[in-house]
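Okay, structure first, notes after.
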Amino acid sequence: MSKIRVLIVDDSALMRKYLREILEQDPEIEVIAVARNGREAVEKALELSPDVITMDINMPEMDGLTAIQYIMLHRPTPIIVISSLTQKGALTTFEALELGAVDYVAKPDGTVSLKIKEVAEEILQKVKAVAKSRGVVRLKARKERPFVQEVPKTRPVSPDTSFKKLILIGVSTGGPKALMEIIPRLPGNLDASVVIIQHMPEKFTASFAARLNNYSELYVKEAEDGESLERGKVLVARGGINLKLERKLGINVVRVRYTPLPRETIYWPSVDVAFRSALTVIEPHRIIAVLLTGMGDDGAQAMVEIKQKGGYTIAESEETAVVWGMPREAIERGGASEILPVYQIADRIVELVR
């Protein structure tokens, strides 16, 4: 079996050294070249056709964002951004994802080059996962943008806690791009409340929700503890903790609760935990659960349970998934009412809500 050929792009010699050590400890991976800036990255990407590129953003001569844009235009390649775990780092990361990068790894706080080995396993998993991706080039090849302009918007003056459907969306690797294909396509008058469970660091989720809000007719924000679900509102679960939905006896308002339990959860927030909690607060036939691109099986079993109890479930197809792990598991377990490419999911949600 041929090895996964990786191009490392970083202006720090120490970071290039550490990344090479991390990647080459896996027998399935081969580092074919390194680049010190975006210009070298473009040249080596065109010359060597790597399977995966790891990309720094802040570099001399040509930055990572410019390099990503050029590479995705001329030789579409799975690109993983190595970003800072800061608000500024989050904003540039989301810009990189919009330009075509498939995923990111957030560098730990502190002396970055020394701490990069703390995320070694994440880097290895993501490189191997996106190398097999079929969705990266196909999504990039779609000419139309999911949005055309920013939509200025504030919280509705009169919150409406009654809604026809509850839309649950679970997603991991490749999630920001997939969500940009769905949420901006949903109309502002949608008679539904939306909850998104995205595997993402705590410092990233508020920035991501704000960015998604800029392009959406619906009101998008990071969920706060105790916040109510409302018609026309999209809540993004905070990173680093589990989100559950609860409703007090005799009160017809569903609220968000954050909890460190169950402790055995692998992912924080957990899709399974959030999806299962929805079954305790709302009639199953009012639930539309969507499982998108991601590694592993988080959310797959909850999809089975929602479908068995009368809810409607949609799994993203292999055609567009950056990593066809979570949706594939749901399909194989019988948890998908329907399988769709990501660009058809928003329209289908609108049909189901009607």
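Each residue, glycine too, has its Cβ placed from N, Cα and C.
Taken from Swiss-Prot, the feature active site covers S172, H199, D298, and the record attributes it to sequence analysis. Residues or ranges marked as domain 'Response regulatory' in Swiss-Prot: 5-122. The domain 'CheB-type methylesterase' annotation in Swiss-Prot covers 159-354. Look at Swiss-Prot and you will find D56 tagged as 4-aspartylphosphate.
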*Note the mean pLDDT of the domain 'Response regulatory' (5-122), expressed as a whole number.*
91
*asked:* Rounded to a whole angstrom, what is the C-alpha distance between D56 (4-aspartylphosphate) and S172 (active site)?
replied: 21
*Around D298 (active site), how many other CB atoms lie within 10 A of its CB?*
27
_Among all protein chains shown, how many Cβ atoms are found within 10 Å of the Cβ of S172 (active site), not counting that one?_
26
*If you draw a 10 Å sphere around the Cβ of H199 (active site), how many other Cβ atoms fall inside it, taking every protein chain shown into account?*
22
*10 Å Cβ neighbour count around D56 (4-aspartylphosphate)?*
26
*With DSSP as the yardstick, break the domain 'Response regulatory' (5-122) down into helix, strand and coil residue counts.*
58 helix, 27 strand, 33 coil
*asked:* In whole Å, how far does the CA atom of H199 (active site) lie from that of S172 (active site)?
replied: 5
*How big is the Cα-to-Cα gap, in Å, between D298 (active site) and S172 (active site)?*
9
